[in-house]
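Asks: The structure follows.
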Amino acid sequence: MAAESMLLHSSYSSTKPRCYLSNPQPCWTESRTTNLRFERKVVLGKQVKWESLGLTSRREFSKKERGGVVRCTAEGIERRMLIPGEATVRVPERFKVVALMACVMCLCNADRVVMSVAIVPLADKLGWSSSFLGIVQSSFLWGYIFSSVIGGALVDKYGGKRVMAWGVALWSLATLLTPWAANHSTFALLAIRAFFGLAEGVALPSMSTILSRWFPGHERASAVGFSMAGFHLGNVVGLILTPIMLSTIGIAAPFILFSSLGLLWLSSWVYKVTSDPRESPFITKSELTSIQAGKTDPPTTTAEFPPIGLLLSKLPTWAIIFANVTNNWGYFVLLSWMPVYFKTVFNVNLKQAAWFSAVPWGTMAVSGYIAGAISDSLVKAGYSITSVRKIMQSIGFIGPGVSLLCLNFAKSPEMAAVCITAALSLSSFSQAGFLLNMQDIAPQYAGFLHGIANSAGTLAAIISTIGTGYFVQWLGSFQAFLSLTACLYFITTIFWNLFATGERVF
């Protein structure tokens, strides 16, 4: 191997040094600047030593040298420099965290969707009416509504890692027990589904808090968008795999599969993730510095009980609550009733209904990430946080409202799928609106505020899920309820633009 040469120059100004390399090979390594003194880390077999290079120095790498690190020190500024030798690509720890978060959010929603598909043959077998079917569908929300506030407070106190781990363990157990409960009695099924909702209620507050710790402000919307993309892909996975497994293996198969995946995910989460990047043994100093850059007074866990009265005394809090109510109202109507909608209105079988229902959620996953990227780019471009949150949320509500009105005029399952796809894709822009806004206005109590808003949203989801069943039974049509949901979207958009803010309030 021919010897490689390197020329290192330094020009010092009053602010920071500048380092240049001539004829570098594509190899990334760490450099460190403290005092205008340059050193090179030389690796000879298993021996490591530092050699001084001076201010201007020309060095030859011998054949035995497998690479090195140039250390240029001035005021603790770390740099990456190109030098000859071998290198390994290091994935930033925050990317690993968001990847694991996207996976668990996928499982979170897939576990919910399994029942939305399995309930169709169960209803036929047990002779459930449309109204009672809505009660069964909503049983998940009975536990979910209570755990959101409690889970949010626990996240603020103990951190998102521990709370998320317990949540996944418990909801995986509930998923595993669901087939047994369904065979045992209706009461047992309702109880297990309520327990399942109780465990899943901690997922979103944990996600929001952990990502706010691990990502700088200008990357947070993209991180949330990526995690929520996993959440929406869980719908696709559940809607596609569940009917196949139900028809070929049996009703227990999808429940066993997804509960097993949850426990497998848990083994990685416990050992590789921390609630705060400052506690991580794996993160590099340079990555930690980049995460903390631009964050003023980073929020910390607190043992104090959040001031409920103060939180509820401000209109920006109510803007978030009403936005969550409207978002959950529309979201759970579509999540719980789409397979039934396609089967009832267009008389398609269960597998076809699952495919028609799955496509919109897949596009929602993509559009949610795009919304996050657009939001971050607007922030970087200098737009105020308030303006960005209002723009994103307006798209996230007006778009679905118009799409649901158009759905009333759909004459084929294909056209209905297009309208639902548009509704869900545009509603994903809410992820860069109210979902991020909790960290904007109350970083110290974001988990608890998320719990309050999510509990109100869950109550709305229970009403809308049960209400859809009664509307369909009384009127024989989905149209009235879709129109009501569209009007709710438009009203909340007005309230949001009047009272929401991106500034810190608490």
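Cβ coordinates come from backbone N, Cα and C, glycine included.
Below, the features straight out of TrEMBL:
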- 97-504: domain 'Major facilitator superfamily (MFS) profile' (DOMAIN)
- 97-120: transmembrane segment (TRANSMEM)
- 132-156: transmembrane segment (TRANSMEM)
- 163-182: transmembrane segment (TRANSMEM)
- 188-211: transmembrane segment (TRANSMEM)
- 318-338: transmembrane segment (TRANSMEM)
- 358-379: transmembrane segment (TRANSMEM)
- 416-436: transmembrane segment (TRANSMEM)
- 448-472: transmembrane segment (TRANSMEM)
- 478-499: transmembrane segment (TRANSMEM)
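Looking at the shown structure, what environment does each listed feature sit in?
Replies: Under 8 Å from some Cβ of the transmembrane segment (132-156) lie the Cβ atoms of residues 112, 115-116, 119, 123, 163, 167, 186, 189-190, 193-202, 204-206, 209, 301-302, 305-306, 332, 336-337, 340, 444-452, 454-455, 458-459, 461-462, 465-470, all in the same chain and six or more residues away from its ends.
Tertiary proximity for the transmembrane segment (163-182) is limited to same-chain residues at least six positions away from its ends with a CB under 8 Å from its CB atoms, namely 104, 107-108, 111, 114-115, 118, 122, 151, 154-155, 188-189, 191-193, 195-196, 198-203, 205-207, 210, 251-252, 255-256, 258-260, 262-263, 265-266, 269-270.
Nonlocal intrachain contacts for the transmembrane segment (188-211), taken as residues 6+ away from its ends with a CB within less than 8 angstroms of a stretch CB, comprise 97-98, 101, 104-105, 108, 111-112, 115, 135-136, 139-148, 150-152, 154-156, 159-161, 163-164, 166-168, 170-171, 173-175, 177-178, 180-182, 220, 223-224, 227, 273, 275, 435, 438-439, 446-447, 450-451, 454, 458.
Long-range neighbours of the transmembrane segment (318-338) within the same chain, counting only residues 6 or more positions beyond its ends whose Cβ lies under 8 Å from a Cβ of the stretch, are 112-113, 116, 134, 137-138, 141, 235, 312, 353, 356-357, 360, 393, 396-397, 400, 404, 420, 423-424, 427, 430, 433-434, 437-438, 441, 449, 452-454, 456-461, 463-465, 468, 478, 481, 485, 488-489, 492, 495-496, 498-500.
Residues of the same chain lying 6 or more positions beyond the ends of the transmembrane segment (416-436) and with a Cβ under 8 Å from any Cβ of it are 208, 220-221, 224-225, 228, 232, 319-320, 323-324, 327, 330-331, 334, 338, 341-342, 345-346, 356-357, 359-361, 363-368, 371-372, 374-375, 388-390, 392-400, 403-404, 406-407, 410, 453, 496, 500.
Taking Cβ pairs closer than 8 Å, the transmembrane segment (448-472) reaches residues 130-135, 137-138, 141-142, 144-146, 148-153, 156, 201, 204-205, 208-209, 306, 308, 311-312, 317, 320-321, 323-333, 336-337, 344, 434, 438, 441-442, 478, 480-481, 485 in its own chain, all 6 or more past its ends.
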Asks: Average the per-residue pLDDT over the domain 'Major facilitator superfamily (MFS) profile' (97-504) and send me the rounded value.
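Replies: PLDDT averaged over the stretch: 84.
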